[in-house]
């Protein structure tokens with residue numbers, strides 16, 4: 001049976017949950033809420049720019065839909081899959097990748113860094129794809145690996161700033 005934990009004023013309190021992240025104290029420099037305002041603003045700007053870039057990456061292909069259709073020899077309806085599959089990718093991706101940032105042993109940085117590296121690494125492959133199937137699959141994967149920035153950006157910002165009432 002678990003021993004009851006009591007606070008200083010002798011009121012019962014909940015036992016410590018091993019799955020909850022705690023800090024070493026109110027002045028812990030690792031706690032994002034203790035970062036300087038300039039660092040918080042810099043990280044917030046990075047998250048906003050990353051989100052903007054992923055959304056831009058989805059729609060930047062739309063002016064070239066007709067050129068894609070001609071290049072790959074498909075209809076314009078089929079060439080719109082370049083946009084559609086990217087959006088499907090960033091709709092599906094958070095279901096698999098975003099929960100990783102909630103695992104204390106992994107944290108938020110690892111999913112950001114790994115998925116962003118994969119996202120950036122896919123772009124030359126997308127640009128040099130020779131078949132429509134390759135192009136569309138790579139666009140889907142680009143959206144999929146770009147999605148954690150969209151799904152966890154708000155949580156990262158909430159980690160840095162104290163909620164206001």
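Glycine is no exception: its Cβ is also placed from the backbone N, Cα and C atoms.
The annotation region 'Disordered' is assigned in TrEMBL to 1-23. According to TrEMBL, the transmembrane segment annotation covers 42-61, 68-92, 136-158. Under the heading domain 'Major facilitator superfamily (MFS) profile', TrEMBL lists 43-165.
Among residues of the same chain six or more beyond the transmembrane segment (136-158), those with a C-beta under 8 A of the stretch's C-beta atoms are 43-44, 47-48, 50-51, 54-55, 57-58, 61, 81-82, 85-94, 97-98, 100-101, 108, 111-112, 115-116, 118-119, 122-123, 125-126, 129.
The average per-residue pLDDT of the prediction over the domain 'Major facilitator superfamily (MFS) profile' (43-165) is 94, rounded to a whole number. Summarised by DSSP class, the composition of the domain 'Major facilitator superfamily (MFS) profile' (43-165) is 102 helix, 0 strand, 21 coil.
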